[in-house]
Amino acid sequence: MGSQVSVESGALHVVIVGGGFGGIAAASQLQALNVPFMLVDMKDSFHHNVAALRASVETGFAKKTFISYSVTFKDNFRQGLVVGIDLKNQMVLLQGGEALPFSHLILATGSTGPFPGKFNEVSSQQAAIQAYEDMVRQVQRSRFIVVVGGGSAGVEMAAEIKTEYPEKEVTLIHSQVALADKELLPSVRQEVKEILLRKGVQLLLSERVSNLEELPLNEYREYIKVQTDKGTEVATNLVILCTGIKINSSAYRKAFESRLASSGALRVNEHLQVEGHSNVYAIGDCADVRTPKMAYLAGLHANIAVANIVNSVKQRPLQAYKPGALTFLLSMGRNDGVGQISGFYVGRLMVRLTKSRDLFVSTSWKTMRQSPP
């Protein structure tokens with residue numbers, strides 16, 4: 001797909017809604033193919049959120065995790081909040097009244113969740129970086145820290161804190177018995193638990209925080225009392241929430257109401273076309289495909305969507321997306337980790353080499369064709 005695509009002037013114009021991992025992969029490919037496109041995101045820079053948790057504990061790391069869109073995509077990037085999609089007139093509607101015409105649409109809106117794992121705000125690059133540097137200070141001030149939620153974000157968060165600050169007392173509270181994601185091999189989930197115990201993390205499993213609404217999040221306090229449904233009380237200085245990831249459907253919910261899965265993701269066919277709309281593709285978290293929500297999968301979806309837009313214009317057969325065996329790596333601080341590659345267990349050495357040290361930051365700078373700071 002390296003060669004450029006010749007199209008009739010004005011016949012093809014792709015709008016990509018959302019500049020996460022799927023969005024920048026699609027935009028980079030369209031740019032290389034010389035296909036007219038516009039990437040829209042409410043931030044002015046791509047957030048490499050795979051490294052967001054390390055940026056919350058290590059001073060100076062956050063600047064490596066935000067990469068300017070306009071430097072890479074120039075006039076093919078528009079900062080704005082998408083408030084709706086007009087399917088009849090093929091327009092993406094922005095807050096403030098601007099309308100972006102499209103012949104083809106790629107929805108790559110991702111998911112939302114609590115800071116620091118996610119950063120979902122209309123923001124400048126500098127303000128976003130500062131938010132993480134402020135978080136580092138809150139962590140540094142706190143002797144006792146509670147992490148709520150023991151999915152992949154929660155276990156990685158607890159490990160990052162204990163790696164950077166071994167003297168801090170970290171308690172992880174999780175409503176299930178097993179840690180990390182249910183799609184993972186039992187042996188991987190068990191090793192996650194062992195790593196946390198070796199690092200000295202206190203685990204409260206099968207307990208749910210019962211006073212979450214009353215708790216200040218991400219802010220140091222002299223004394224915070226965390227209570228669970230089992231009657232356990234934990235005194236802490238800082239509470240970090242790592243649960244509640246939701247599909248970000250606000251941009252398209254109204255236009256595609258009849259095409260939504262219960263999660264808010266869009267129902268797609270094997271070509272990643274939204275049901276009933278051959279010129280609209282959904283990729284990444286907002287596509288209802290039976291795989292975990294992961295950055296590298298969003299990139300694979302982008303390859304399919306871009307190839308199929310080109311193939312449809314050239315009247316060639318469309319490619320199908322076929323999920324393979326799961327690859328899932330958990331970085332447990334920069335020196336540790338565990339996971340599985342194509343369904344097979346991999347230990348610390350492999351995960352450390354592939355993910356833990358750099359958290360794929362250099363890959364995103366390469367995709368954006370920029371040099372890291």
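Just so you know, the numbers here start at 1 and follow the chain as drawn.
Backbone N, Cα and C atoms are what each Cβ position is placed from, and that goes for glycine too.
Record features, source Swiss-Prot:
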type     : residues                                                : note
LIPID    : Gly2                                                    : N-myristoyl glycine
TRANSMEM : 7-27                                                    : transmembrane segment
BINDING  : Gly18, Gly19, Gly20, Phe21, Gly22, Arg54, Val82, Asp285 : 6-hydroxy-FAD binding site
MOD_RES  : Lys168                                                  : N6-acetyllysine
SITE     : His174                                                  : site '4-hydroxy-2-nonenal adduction'
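Annotated features taken from Swiss-Prot, shown on the structure.
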residue	record	Cβ contacts under 8 Å, 6 or more apart
Gly18	6-hydroxy-FAD binding site	Val40, Asp41, Leu107, Ala108, Thr109, Gly110, Asn248, Ala251, Gly284, Cys286
Gly19	6-hydroxy-FAD binding site	Ala27, Leu39, Val40, Asp41, Lys43, Phe46, Tyr69, Phe77, Ala108
Gly20	6-hydroxy-FAD binding site	Phe46, His47, Asn49, Ala108, Thr109, Gly110, Gly284, Asp285, Ala295, Ala298
Phe21	6-hydroxy-FAD binding site	Gly110, Gly284, Ala295, Tyr296, Ala298, Gly299, Ser364
Gly22	6-hydroxy-FAD binding site	Ile106, Ala108, Gly110, Ile283, Gly284, Ala298, Gly299, His301, Ala302
Arg54	6-hydroxy-FAD binding site	Phe61, Glu160, Arg334, Leu359
Val82	6-hydroxy-FAD binding site	Val17, Val40, Met42, Val92, Leu93, Leu94, Gln95, Ala251
Lys168	N6-acetyllysine	Val139, Ser142, Arg143, Phe144, Ile145, Ile161, Lys162
His174	site '4-hydroxy-2-nonenal adduction'	Gly149, Gly150, Gly151, Gly154, Leu203, Leu204, Leu205, Ser206, Glu207
Short question: which residues 6 or more past the ends of the transmembrane segment (7-27) have a Cβ under 8 Å from it?
35-41, 43, 46-47, 49, 69, 72-73, 76-77, 82, 85, 92, 100-110, 248, 251-252, 283-286, 295-296, 298-299, 301-303, 305-306, 309, 313, 364, 367-368
Note down the number of other Cβ atoms within 10 Å of the Cβ of Asp285 (6-hydroxy-FAD binding site), including every protein chain shown.
31
So the record assigns Gly18, Gly19, Gly20, Phe21, Gly22, Arg54, Val82, Asp285 to 6-hydroxy-FAD. If I measure every Cα pair among those residues, what is the longest distance in angstrom, as a whole number?
30
